[in-house]
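**Q** Sending over a structure as structure tokens; questions will come in a sec.
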Ligand SMILES: Nc1ncnc2c1ncn2[C@@H]1O[C@H](COP(=O)(O)OP(=O)(O)OP(=O)(O)O)[C@@H](O)[C@H]1O
């Protein structure tokens, strides 16, 4: 469970219990079977929406094909009842297994795709099944009448019984969603949604977590589909695999609010009665009018409440009470201190040449590492070593290959040639999250935060990625925040932080995984002199505590005060290496990187 989960679960559970009691009381009073059907369909589509939200809402991969799970659930119930006289209860249970299995089958190839490509590929699956079931002769499968034992066969004369079961279904789907949202599972999915690369770099195996979410989502949608078959008593490919089904799942969530358990409930409660009423009143004049309702709903939501009704109402309400608005996700602009701080000039005294004595066994060893993009050799036969407890500065002009070197070292990019070892263990050729688990923490040139999550949650992802759970993960996250001096801000949202705060938060996230080696990419970029000094103090403290650091930085005055040794890259190659003072006085380094101004200051 995440910190504060129990209080949230208690509050949400209470709201849900009140809603359920009111809903059942109202439906108990409705005797008209048509209105009762509507009262049954609202929770059914809310459950389908919750299933869609569990995957697309939390992971951020839009699925246009959730009808595939819904349809498989419906056909499992209809066919097993016809073939084997299987009770629909067992049919629904079997359907959830089929839905979960289909999710594995679908997830394996499609998770290679991203964004629009993923969304479009998901469209294909229900369409294929729609034609397959038509081809197999299942154009219309009726559920045989079995009224002798209504509960066993799920065939009631009183339509209120269906509503009761539909409410039970949505309560189960809500309970699963709430449990996910308040656990490591949900936080991990939200982190993947907000910044997949940062999540991977924190040790999260994004593919595995996405698969778990899709399996759970597929199982819930299939259960809803199975129950839907029992309500309508007839299953056709168009009704369960058709575009409208997928659109309905998606629209109720987009309308109500994505990434919250309440969104699907709100969307379903408003859109399903609207669409069904219009269909009943105008369906023979405007066939497919439900599609029009969903289309208009999406347009309205895009114009008036782009994140859905729930978030918009909540933000307005909080704003009205003077509370903080939920921060909108924002891309942090790239900090641009390109080139060294030439105006700063060389420092008055030799920095740390005396501290440059190499330790006996290097923690990181890099040999002959190369990476090319087409004809451009971004990293070209680079070799160096980093001793345990050392701070190594990587410097060099723009485009020298510094970030690419980090990307190869922590598994963002595969190496073309060469190898790297961490404490004797090969890290090249491994995946990003696996390298993180071996002990390589990383920060990025442009901070990669999870802007909608609190600082504590941002850092918790680092602890989860390192395999910690529960209280141990929370303790590690709090300790990491303490080490960078941010514990007092733990509850603040990352979207509200300044550049310095974000840089410290990213550092804490890397530290929460207890790394043996920290790769810091321009951690001081965009900071003022005082902020820079504060960060240097934190880094020095980390070194004193035994953390080994490799840092890319253009701010030379800071690097000279911080690093034990420099490696200079130019055009992907190592141009120079050694004690900072010796390196900055090297003519080739001055010509390639530091510039004539630096030379002039050196010679005076
Ligand atoms: N994904 C990519 N595809 C093609 N070229 C790339 C890619 N990433 C980097 N490059 C190129 O590789 C070279 C090295 O880039 P890299 O970002 O590693 O340099 P850098 O030393 O970190 O520069 P800076 O100091 O500006 O951050 C540059 O010429 C860059 O344009």
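Counting starts with 1 at the first residue shown.
Note: Cβ is positioned from N, Cα and C throughout, glycine not excepted.
Unlike curated entries, TrEMBL annotations are predicted automatically.
What TrEMBL shows for this protein is this:
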COMPBIAS  322-341  compositional bias 'Basic and acidic residues'
DOMAIN    364-596  domain 'ABC transporter'
REGION    322-354  region 'Disordered'
TRANSMEM  12-35  transmembrane segment
TRANSMEM  55-77  transmembrane segment
TRANSMEM  89-111  transmembrane segment
TRANSMEM  117-138  transmembrane segment
TRANSMEM  162-180  transmembrane segment
TRANSMEM  213-235  transmembrane segment
TRANSMEM  247-272  transmembrane segment
TRANSMEM  292-313  transmembrane segment
**Q** With CB pairs under 8 Å as the measure, which of the listed stretches 12-35, 55-77, 89-111, 162-180 comes out on top against the transmembrane segment (117-138)?
**A** 55-77
**Q** When you scan the chain for residues with a C-beta under 8 Å from the transmembrane segment (55-77), skipping those not six or more beyond its ends, what do you find?
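**A** Residues 48, 88, 91-92, 94-96, 98-99, 102-103, 106, 114, 118-120, 122-126, 129-130, 133, 138, 141, 143, 180-181, 186, 189-190, 192-194, 209-210, 213-214, 216-219, 221-230, 235, 237, 239-243, 245-246, 249-250, 253, 258-260, 263.
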**Q** Determine the mean pLDDT over the domain 'ABC transporter' (364-596), rounding to the nearest whole number.
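**A** Averaged over the domain 'ABC transporter' (364-596), the predicted model reaches a pLDDT of 91.
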**Q** Quick one: do the transmembrane segment (213-235) and the transmembrane segment (12-35) have at least 3 Cβ pairs under 8 Å, skipping pairs fewer than 6 apart in sequence?
**A** no
